[in-house]
Ligand code: BES
Ligand code: MN
Ligand code: ZN
């Protein structure tokens, strides 16, 4: 869909005009339309046909004295309660109607809505992100495809020039989210580590600022990545570590920001096999890698003046005669030995060697993104990603980006107490830390491998996908990560 910002006259013969109405007052556009129609709209309020209740929607045709063919009045709730979430609800409801109308162009006057603590830039940006989110369907494998949508263009009525920037940012983020959702929703018989590597190569082919490096198992063996390789041993599909390098800083040698994504294209748990119920959802255990891929997609489109390396740590965790076992002791790439107590705590084993590998880039910051622990979902539910870091400056920057982009994250601790839970009688570390504080002990495990640079960890086990009726990848935390990069470029 195309988006444009310009100041549009209400009397223009639009195909479809969209205005808002509060439960406890009128919006500027509602007021003007009411004047033009000599009280027709307030008449509808008086008769009780419209109330302004959030999400209520009224579609009118050929309203007298207005030259538009259709007028949509959408309820915006109480003025004081117009926060990000309610604003998204308004556009979600709008999309349900817009996608079914025989209209190719619509004009939104919801630009006059004041979201609490936000300016017009966010008004436009959240509108586009919400619409694009609704306008997504993964029907690659369905014979019956979703019907084509007529709407081609949405105009935001405003003369505020920050709207142009909002459109650019929102579209790039929406494209990144789409790339993430498409990749994560692929079934695991198609999306395996080699597929991740192919996607990385295809992305690089689109820009001369991007290069790709793929490490295969032979190279990983050479590097001593025994923890990573141990996880992969039960699988027939080989592991690949894919690096997408975007070089666009004014100083080509500027230290890169490195994003590391857990890319378990399927996690059956290995010998510590998971229960059968919902195991299909473990195709989403590459959600971290998918979000890195989507973030790189958006970054390339935005052409931010940064050096960024996106890493997809592709691997499968399956039980097999050759699989790694509970009790095995592995020597990681940085020399620390790990006693495996549970082969289902595989993400940290794949990540620890990847995090050691990226030391060679002398990063200014490393952020890993991983569907790492069920414990994080128990702690935060599906609303906040876990944010773990012992670097307060980096944690603050990420928390800010999360708040700005409304892609929420909540900080959880890492400290010596959690590191102590990882003691092993036989090795330097155990790969699990007992029953309590699982998100933090996982973070504590990773902290042993990230001493060479500022580091933060995002546990997206609860946020990367939804279950139930809306089952599917969410595209999170692409908004957070892209916002972090936008801020870093400023
Ligand atoms: N990929 C899972 C984490 C997960 C579980 C994400 C459920 C989303 C939903 C991870 O590899 C895992 O299995 N973690 C274990 C760790 C435990 C064995 C210490 C877990 O959380 O149960
Ligand atoms: Mn697991
Ligand atoms: Zn996993």
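Note: Cβ is positioned from N, Cα and C throughout, glycine not excepted.
Since we're looking at a predicted model, the values are computed, not measured.
Annotation comment: TrEMBL describes 262, 267, 285, 346 as Mn(2+) 2 binding site. Under the heading Mn(2+) 1 binding site, TrEMBL lists 267, 344, 346. The active site annotation in TrEMBL covers 274, 348. Feature annotation from TrEMBL assigns domain 'Cytosol aminopeptidase' to 342-349.
Annotated features taken from TrEMBL, shown on the structure.
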residue	record	CB count, 10 Å
262	Mn(2+) 2 binding site	33
267	Mn(2+) 2 binding site	25
274	active site	16
285	Mn(2+) 2 binding site	28
344	Mn(2+) 1 binding site	20
346	Mn(2+) 2 binding site	30
348	active site	29
Mind checking which residues of the chain, 6+ beyond the ends of the domain 'Cytosol aminopeptidase' (342-349), have their Cβ under 8 Å from one of its Cβ atoms?
227-228, 230-231, 262, 264, 267, 269-274, 285, 315, 317, 323-326, 330, 332, 370-372, 431-432, 442, 445-446
What other residues of this chain sit with their CB within 8 A of the center of the CB atoms of 267, 344, 346, the recorded Mn(2+) 1 site?
231, 264, 268, 269, 270, 272, 274, 282, 285, 317, 343, 345, 347
Just to verify a number: CA distance, residue 262 (Mn(2+) 2 binding site) to residue 348 (active site), in angstrom, no decimals.
9
Within the same chain, and leaving aside 262, 267, 285, 346, name every residue whose CB is within 8 angstroms of the centroid of the CB atoms belonging to the recorded Mn(2+) 2 site, in sequence order.
263, 264, 282, 286, 315, 317, 347, 350, 370, 371, 372
Under a threshold of 6 Å between Cβ and any atom of ligand 1, which of the recorded positions 262, 267, 274, 344, 348 are retained?
267, 344
Within the domain 'Cytosol aminopeptidase' (342-349), how many residues are helix, strand or coil going by DSSP?
3 helix, 0 strand, 5 coil
When the Cα-Cα distance from residue 274 (active site) is computed for each of the recorded positions 285, 344, 346, 348, which gives the smallest value?
344
Measure from the CA atom of residue 285 (Mn(2+) 2 binding site) to the CA atom of residue 344 (Mn(2+) 1 binding site) and give the result in Å, rounded to a whole number.
12
State the three-class DSSP label for residue 274 (active site), counting H, G and I as helix, E and B as strand, and everything else as coil.
coil
